[in-house]
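As recorded in TrEMBL:
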DOMAIN    18-137  domain 'Phosphotransferase system enzyme I N-terminal'
DOMAIN    165-235  domain 'PEP-utilising enzyme mobile'
ACT_SITE  H200  active site, tele-phosphohistidine intermediate
DOMAIN    263-528  domain 'PEP-utilising enzyme C-terminal'
BINDING   R297, R333, N445, D446, R456  phosphoenolpyruvate binding site
BINDING   E422, D446  Mg(2+) binding site
ACT_SITE  C493  active site, proton donor
Amino acid sequence: MTGVHEADRDKHVRTRYHGIGVSPGRAVGPIARVFPRVSEPRARFLPPERHADAEVERIYEAAKQTAENLSLRAQLAAGQAAEVLTTAAQIAEDPVLLEGASDLVRSRQLVPTRAVWEAAGSLADQLREMGGYLAERALDVYDVRDRIIARLIGRPAPGLPTPDREHILWASDLAPSDAAQLDAAKVLGIVLQEGGPTSHTAIVARELGIPAVVAAQSSSALKDGDIVLINGAAGTVTLDPTEEQIAAAQQQIVRREFSGTGQLADGHHVPLLANISDAAGARAAREMKAEGIGLLRTELWFLGYPEEPSVADQVEKFTDVFTAAPNGRIVVRTLDAGSDKPMPFLPMGHEANPALGVRGYRMVRKFPDVLTRQLDAIAQAQRATGADVHVMAPMISTVSEASDFVDACRARGLNHAGIMVEVPSSALRAGQILASADFASIGTNDLSQYTMGADRLQGVLADLADPWHPAVLDLIKLTCAGGAQQDRPVGVCGEAAADPALAIVLVGLGVSTLSMTPRSIPDVAAALGAVTLAEAREAAGIALAASGARSARQAVRDRLDALTELGL
């Protein structure tokens, strides 16, 4: 089972922990464990001299300070980090959390710390029961709970250690707000006992270029100061490595540069694009010489707004990004709201299973004008900048949905309209869908989750919600076949594209473009440049023939010696 401490002893008699490599690279250094979370407060009651209203006021003040702190950090961050911190700030002022805690103080006379603890637990339980994306928010709730309680008792907030030396960060799991604040200058690598390949920590680690291993389930035995060698591609953590192992690893720690053209050893061109959320991300993509933008997320522009941003506001945002982006196509994903990204101006009501509910393109069933206004803004920004804009809709499930979206784009002069393949139905009917759509982009995170019926954010299910699984690869192959049938390009914009070994497999399956966090581009380019198209197809065949994700990953890596030579 992936992540189990096999307690194996290699030829150097060194303990090795096994997990899932989620951000490639090697690193050697001392372990620094995260500061402990706050302990569960005892169920104590207010003494007579303490008035309930005053204690409720203390809760609201602590929550306000927590939200302000997180909002400030969000303003100083960018991309995924800013989105994570913004979400945490919203939770800190969530009425359900604060009113729940207030009621416990007034009705049961609980002390504020215990009231916050119980109210947060109740909210987190509700989110977990909903499953899918909303279950992810439970971790945010626990993080915010601990921060509010820390303020109430006057102690530092739990979270990242601040040693004055470089280190390998260990944690059972990282709160999203902590992951968003990782310092790449100090954090050499990351080891998590829990987590999965599409967790916030994995995404941020790839954005920052920090080697990371998750789901290393028995790594809790590691202590502060232990020297470890981590391999973020192979998913291994070696305790007390030998000098020879350290020297070999350091030789493979290479800072690569991308030439600006992604291609295989035989010259087959595979454009390497960037996933971004804002103008800062666009500038980072330009610096990395990305061949364009393969995914412009727009949700961050809406999160935290009590009302929908005006068309003029959206035009300004799009214009800033289009101007800052590298030359080449810019693929805009329309608003992916719903599920884990609730918007105050899009009241959804109660959904028993939000991950299977009204989200992505399905929002047109309840709020059609929101998409209309966003497409108007994209079209205006395209005309103003002359950018090569492509637009795609998330969560397309049927041929009619794709056709309706394409018509809406065409009506506004947006002549490159595509769809995201995130559910099995769109993969199975890719040929019919691409008869009208101009391109498809595969979101491997969601496609893995929906194909395997496994919450991609549950560490215990990490071996299921894994894009390496042959069942997921089968659907990717089907999508590419549908694209070839209609002479339409099929790309990948999920985090799978950032895995150098999996990138080779994807190209072998027929994927034409790969989009990833900008920092991942040089490593992926190096991996692709080491194989021919025939070798990529052979690797794809090996992966498809495997029995599961772990065996597929290992079989491909065993076959591709070049990856080891490159330190990938």
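Using N, Cα and C of the backbone, Cβ positions are placed for all residues, glycine too.
Secondary structure by DSSP for the domain 'Phosphotransferase system enzyme I N-terminal' (18-137): 78 helix, 15 strand, 27 coil. It is 19 Å from the Cα atom of E422 (Mg(2+) binding site) to that of H200 (active site, tele-phosphohistidine intermediate). Every protein chain considered, the tally of other Cβ atoms within 10 Å of the Cβ of R333 (phosphoenolpyruvate binding site) stands at 23. Distance from the CA of the residue listed as 'active site, proton donor' to the CA of N445 (phosphoenolpyruvate binding site) is 9 Å.
Ranked by Cβ neighbours within 10 A across all protein chains shown, the recorded positions H200, R297 are led by H200. Of the listed binding-site residues, namely E422, N445, D446, the sparsest Cβ surroundings within 10 Å are found at N445. The DSSP breakdown of the domain 'PEP-utilising enzyme mobile' (165-235) into helical (H, G, I), extended (E, B) and coil residues amounts to 16 helix, 19 strand, 36 coil. Neighbours of the residue listed as 'active site, proton donor', defined as other CB atoms within 10 A of its CB across all chains, total 27. Between the CA atoms of D446 (phosphoenolpyruvate binding site) and H200 (active site, tele-phosphohistidine intermediate) there is a gap of 14 Å, rounded to the nearest whole number. Cα of H200 (active site, tele-phosphohistidine intermediate) to Cα of R297 (phosphoenolpyruvate binding site): a distance of 15 Å.
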